[in-house]
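For reference, Swiss-Prot has these:
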{"type": "BINDING", "residues": "Glu25, Leu26, Glu85, Asp296, Lys365, Arg372, Arg373", "note": "N(1)-(5-phospho-beta-D-ribosyl)glycinamide binding site"}
{"type": "BINDING", "residues": "Arg118, Lys159, Ser164, Ser165, Gly166, Lys167, Gly168, Gln169, Glu199, Ala200, Phe201, Val202, Glu207", "note": "ATP binding site"}
{"type": "BINDING", "residues": "Glu277, Glu289", "note": "Mg(2+) binding site"}
{"type": "DOMAIN", "residues": "123-318", "note": "domain 'ATP-grasp'"}
Amino acid sequence: MYIPESIGTPLTPNATKVMLLGSGELGKEVAIAFQRLGLEVHAVDRYEHAPAHQVAHFSYVIDMTDAAQVRELVERVRPDFVIPEIEALATDELVKIEEEGLATIVPTARAAKLTMNREGIRKLAAEELGLPTSNYEFCSTFEEFSAAAEKLGYPNVVKPVMSSSGKGQSVLRSSDDLQAAWDYAMSGARVANSRVIVEAFVEFDYEITLLTVRSIDPTTSKPATWFCEPIGHRQEDGDYVESWQPMEMTPRALENARSVAARITNALGGRGVFGVELFVSGDDVYFSEVSPRPHDTGLVTLATQRFSEFELHAKAILGLPVDVTLISPGASAVIYGGIESEGVSYTGLAEALAVAETDLRIFAKPEAFTKRRMGVAVSTAEDVAAARDRATLAAAAIKVHPGNSAEA
């Protein structure tokens, strides 16, 4: 993977350029991290005024699943690095772009292609690497889906193979749920006529995200892996609501988690941050999913670590030394839109920031939806429990109002 010998000046012919494919709240923080290191940032999304658009040097609106549009933009900009920040991309074209040497795909084009859907990454994890996972079946039709659910037993979980943030995901408790779950999975998929994965229910004690960083070890000049402290999180309908770090684990469970994370990220290759999602039952660890990019539950690292997951991602991509030191226990709590409106306004910032050791990130998305993440509160404290209370209190103080209805 390419390592620049120097960093050029933005907006000049010798600029070192990064192109973000996906410009949401995570991409916004990545863009800021790269700008702090002196790189020229090009942010791409499917709609105007996305969060990262607002902080990048250049912004573009294209259909990122359209191979021709992706290629035209890469050939026009000629970025040094193309950094996927979402799954729904023309990954076959990224493979060609990488093979032709037009740009370095982060972490690799193969990783982007494998992780764009649950089928590719699950087969790599379970069938090629032999990692422990739940029992599962992939299905293309309702008939296959119904048979798989009966085979795996109830309760089980169904997800589209291509979706994000819990869209289309549901728990089946009996055969009475089959039709509704199938219809919901089809509506939540990113592509029409999507396949689904049906997973046997895993009885787990808790779930974690283990942020795994691949960069160059400055002492050996060779690729190496670092692990952030484990992040616990709570989900509702498949979407994260709050996260905290560190998540208390037994030494054996942590060792097993790091082993699973190292094996899957080594198989994907390249450099950067990987969000490895794991189920933990006692000392046993089960692989769930992996994202070859910063993870939404990792927003907590804005408060807890010396360098956030976004700063670590930027440094690792460039092959620079990384520092995963935890400086304080902390937590994050999501601020949802709660309404359907464009050009919303926010109140309650003073009340939220009056909570001790607390900060906010308002994502500045141009349109709010009831369950759309519009911001996050991050807090630190002497322990995780106190930090969770603080973050939840601060997030609840923020109110989202339609249009310009809020008073200044």
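Cβ from N, Cα, C; glycine included.
Annotated features, which come from Swiss-Prot, shown on the structure.
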residue: Leu26; record: N(1)-(5-phospho-beta-D-ribosyl)glycinamide binding site; Cβ contacts under 8 Å, 6 or more apart: Glu85, Arg293, Pro294, His295, Asp296, Leu299, Phe310
residue: Arg118; record: ATP binding site; Cβ contacts under 8 Å, 6 or more apart: Lys159, Pro160, Val161, Met162, Ile197, Glu289
residue: Glu199; record: ATP binding site; Cβ contacts under 8 Å, 6 or more apart: Ser134, Asn135, Tyr136, Leu152, Asn156, Val157, Val158, Lys159
residue: Phe201; record: ATP binding site; Cβ contacts under 8 Å, 6 or more apart: Ser134, Tyr154, Pro155, Asn156, Val157, Val171
residue: Glu207; record: ATP binding site; Cβ contacts under 8 Å, 6 or more apart: Gly232, His233, Gln235, Glu277, Leu278, Phe279, Val280, Ser288
residue: Arg372; record: N(1)-(5-phospho-beta-D-ribosyl)glycinamide binding site; Cβ contacts under 8 Å, 6 or more apart: Tyr336, Gly337, Lys365
residue: Arg373; record: N(1)-(5-phospho-beta-D-ribosyl)glycinamide binding site; Cβ contacts under 8 Å, 6 or more apart: Glu25, Asp296, Val334, Ile335, Tyr336, Gly337, Phe363
Checklist entry - Counting across all protein chains shown, how many other Cβ atoms sit within 10 Å of the Cβ of Asp296 (N(1)-(5-phospho-beta-D-ribosyl)glycinamide binding site)? => result 22
Item to check | Around the Cβ of Lys365 (N(1)-(5-phospho-beta-D-ribosyl)glycinamide binding site), the count of other Cβ atoms that are within 10 Å | outcome: 22
Checklist outcome for this item: The predicted model's mean pLDDT over the domain 'ATP-grasp' (123-318) is 94
